[in-house]
Amino acid sequence: MVGQSRKWMILVATIWIQAFTGTNFDFSAYSSAFKSVLGISQVQLNYLAVASDLGKAFGWSSGLALMYFPLWVVMFMAAFMGLAGYGTQWLVIRSIITLPYFLVFLLCLLAGCSICWFNTVCFVLCNKNFPANRPLAISLTVSFNGVSAALYTLAASAIDSSSDALYLLLNALLPLITSIVSLIPILRQPPLDPLLPDAVRRDSLIFLFLNFLAVITGIYLLLFGSSTSDTTAARLLFSGAIALLIFPLCIPGVVYAKDWFHRTIHSSLRLQGSAFVLIDADDLELHKELLSRQGSSIVPLGNGSFTHPLNENRTVDLITSQQKAGEVQWCCKRLIYKDQLAILGEEHPARILVRRLDFWLYYVTYFCGGTIGLVYSNNLGQIAQSLGQSSDTTTLLTLYSSFSFFGRLLSAAPDYIRAKFYFARTGWLAIALLPTPIAFFLLAASGSGEALHVGTALVGLSSGFIFAAAVSITSELFGPNSVGVNHNIVITNIPIGSLVYGCLAALVYDANISSGLGNIMSDSDDKVCMGRQCYFLTFVWWGCISVLGLACSVLLFLRTKHAYDLFERNRIISAQEY
C-alpha cells in the first residue's frame with residue numbers, strides 16, 4: 001500500500017513538472033519588449049522563436065543522457081539548461097549585459113532543448129510507475145503542459161504585472177524550484193509490483209477522477225488567469241491555482257479507499273481499456289493472432305496493395321468494394337487504396353517510414369495544423385499590438401493556454417467513450433483540425449476584439465488536441481516499438497513550420513511598415529505596424545494552409561479507417577474469448 005501511495009506522489013510530481021516547464025508558450029508575453037531592447041526586425045524576432053522550437057530537434061540527447069546518468073540528474077541538467085538560457089536572456093532584456101544577436105539565438109536554442117529534456121523525464125516516470133495504465137498517465141501529465149502560460153501569467157501578475165521581463169526570470173527559476181520540490185518523490189520510487197486486473201481498473205477510475213480535477217483547474221485558470229492587475233488579488237488567485245495543483249496529493253487517500261470505489265462506483269462506469277498514447281501491446285498481439293487464425297491469405301485489390309481478410313465474407317465484401325471503386329476516378333482510387341495500411345501497430349523502421357504515403361499525409365497534417373497554431377501563439381504579442389489591444393496580451397495568452405489544455409484533455413475522450421461510440425483516431429484528428437481554418441478566416445474577416453478572442457480560443461483548442469494525440473497516432477500507425485524514433489522524425493515539422501510560418505508573418509509585417517500601410521508608430525529605432533493590414537494576408541495564408549492540412553487529415557482517415565475498424569473488431573472478439 002505504501003508503494004501505491006508513492007507512485008501517485010510521483011504522478012503528482014510529474015504533473016508539477018509539466019505544468020511549470022511549458023516555458024515556450026509565454027514567448028508572446030515578452031517578445032515585443034525583447035524586440036525593442038535588441039533593436040531587431042520582426043523577421044529576426046521570428047528567428048528567436050524558431051530557435052526555441054528548434055530545441056525539440058535535439059530531444060534525442062536526453063535519451064542519450066539517461067544511458068549514463070540517473071533520472072534525477074537528467075532532470076536537474078534540464079533545469080540548469082533553462083536557468084542558463086532564460087536567466088541570461090533576462091539579463092539582456094533588463095540591459096544588465098549586452099550580447100550579440102547570435103548568442104541570444106543560441107540561448108533560445110538551449111532553453112528550448114531544456115523543455116524536451118523535462119518531457120523525457122516525465123515520460124520515463126510514467127512508463128516506469130504506471131506500466132498498466134501508461135497511456136492514461138502520459139495523457140494526463142502532458143495535458144498540464146498546456147496551462148504553463150496561464151500559470152506564468154498569474155505568477156507574473158502576482159509579482160509585478162507591468163514587467164514583461166519578469167516572464168524570463170520566472171522561466172529560469174520556476175522549473176528549477178519545481179525540480180527541487182519533486183526530487184524526494186522521484187528518489188523514493190516504489191518497487192515495480194505487477195497489478196491484478198481489478199487493481200488496474202481501480203487505478204483507471206482514479207485517473208478519471210484526476211481528469212475531472214484537471215478540468216476544474218483549467219476552468220479556474222481560464223476565468224481568473226488574467227482577470228486582475230491588482231497584485232494582492234493576483235497573489236490570492238495564484239495561491240488558489242497552486243492549491244489545485246497540490247490537491248491531487250490526496251490521491252493516496254483515494255488509493256486506501258479504492259475498495260469502496262470499486263463496490264459503489266467503478267462497476268457502474270464499466271471503464272474499458274484505453275490506448276490514448278501508446279497502443280496496447282497485448283491488444284496488438286491478440287489482433288495479430290486473430291488475423292493469423294482466421295486466415296493468413298493475402299487478397300490483392302488489383303491496385304498494387306493487399307489486405308488481410310477476417311473471413312471469406314470480408315474478402316467478398318472487399319472485392320465488391322473494389323468493383324464499385326472502379327466507378328470512382330482513377331486518381332482518387334490510387335490515393336485511397338495504393339499502399340493502404342493493412343493493420344495497426346505494424347513496425348516501420350525509419351527507412352520504410354519515409355516511403356509511406358500515410359506518413360507524409362500525417363506529417364503535412366501536423367505541419368499545417370498543430371505547428372501553425374504554435375506559431376500563432378508566438379505571434380500573439382505583435383498581433384494584439386497591431387490591433388491596438390496590447391493591454392489584452394496576457395488575457396489572450398491565458399485564453400490560448402487554457403483552451404490548449406482543454407484540447408489536450410479532450411483528446412482522451414475517444415478512449416473513454418469507445419465502448420459506446422468508436423471512431424478511428426485519425427478521424428478525430430480531422431475533426432480537431434477543423435477549427436483552425438475557421439479561426440484564421442474569422443481573424444482575416446474581422447479585426448474586432450471579439451474575433452481575436454474567439455479565434456485564439458479555437459486555435460488553442462485545435463492545436464492542443466493535435467499535440468496530445470500525436471504520439472498515440474504515431475504509435476498506432478507506425479508501430480509502438482519504433483515510436484521513439486518515428487515521433488522524433490514527425491516533430492521535425494515543428495522547427496520547420498516555425499521558420500516558414502514565422503518568416504511569412506514577419507515578412508508581411510515588415511512589408512506593411514515599409515509600404516506605409518496602417519498607422520506606423522516609431523519609438524527610436526523600433527518600428528511597430530498598426531492596423532488590420534499588418535496580419536491580414538498572414539491570416540489568409542495561414543487559413544489556406546490549414547485547409548490543406550484538413551484535406552490531408554481527411555485523406556489519412558479514409559486510408560486508415562479500414563485498419564482501425566479491423567483492430568476494434570478484433571479487440572471486441574478477443575475480449576469475448578478471453
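Placement of Cβ uses the backbone N, Cα and C atoms for every residue, glycine included.
Those TrEMBL annotations? Automatic predictions, nothing curated.
What TrEMBL records for 7-252 is domain 'Nodulin-like'.
Summarising the annotation, TrEMBL assigns domain 'NFD4 C-terminal' to 346-565.
Residues annotated as transmembrane segment in TrEMBL: 65-87 (among others). Distant neighbours of the transmembrane segment (65-87): 17, 21, 23, 107-115, 117-118, 120-121, 124-125, 168-169, 171-173, 175-176, 179, 182-183, 186-187; these residues of the same chain sit at least 6 beyond its ends, with a Cβ under 8 Å from one of its Cβ atoms.
Look at TrEMBL and you will find 99-125 (among others) tagged as transmembrane segment.
Residues 11, 14-15, 17-23, 25-26, 29, 119, 122-123, 126-127, 129-130, 166-167, 170-171, 174, 207, 210-211, 214, 217-218, 221-222, 224-226, 228-229, 231, 234-235, 237-238, 241, 276-278, 377, 394, 397-398, 400-402, 404-405, 407-409, 411-412, 464, 467-468, 471 of the same chain lie 6 or more positions beyond the ends of the transmembrane segment (137-159) yet place their CB under 8 Å from a CB of it. For 137-159 (among others), the entry in TrEMBL reads transmembrane segment.
Here TrEMBL flags 165-184 (among others) as transmembrane segment.
Taken from TrEMBL, the feature transmembrane segment covers 205-224 (among others).
Annotated transmembrane segment per TrEMBL: 236-257 (among others), in sequence order.
Outside the transmembrane segment (359-377), and at least 6 residues removed from its termini, the chain residues within Cβ reach (under 8 Å) are 25, 27-28, 49, 53, 149, 348, 353, 383, 397, 400, 429, 432-433, 436, 456, 459-460, 462-463, 466-467, 470, 473-474, 477-478, 490-491, 493-494, 496-498, 501-502, 505, 542, 545-546, 548-550, 552-553, 555-556, 559. According to TrEMBL, the feature transmembrane segment maps to 359-377 (among others).
The transmembrane segment annotation in TrEMBL covers 426-445 (among others).
According to TrEMBL, the feature transmembrane segment maps to 457-478 (among others).
The transmembrane segment annotation in TrEMBL covers 490-509 (among others).
Counting residues 6+ beyond its ends, the transmembrane segment (539-558) has Cβ neighbours under 8 Å at 335-336, 358, 361-362, 364-369, 372, 376, 424, 426-427, 429-430, 433-434, 436-437, 440-441, 443-444, 501, 504 in the same chain. Under the heading transmembrane segment, TrEMBL lists 539-558 (among others).
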Residues of the parent chain within Cβ reach of the transmembrane segment (457-478), under 8 Å, 6 or more residues beyond its termini: 135, 138-139, 142-143, 146, 275-279, 341, 344-348, 353, 356, 358-359, 362, 366, 369-370, 372-374, 376-377, 399-412, 425-426, 428-429, 432-436, 438-440, 442, 486-487, 490-491, 560, 564
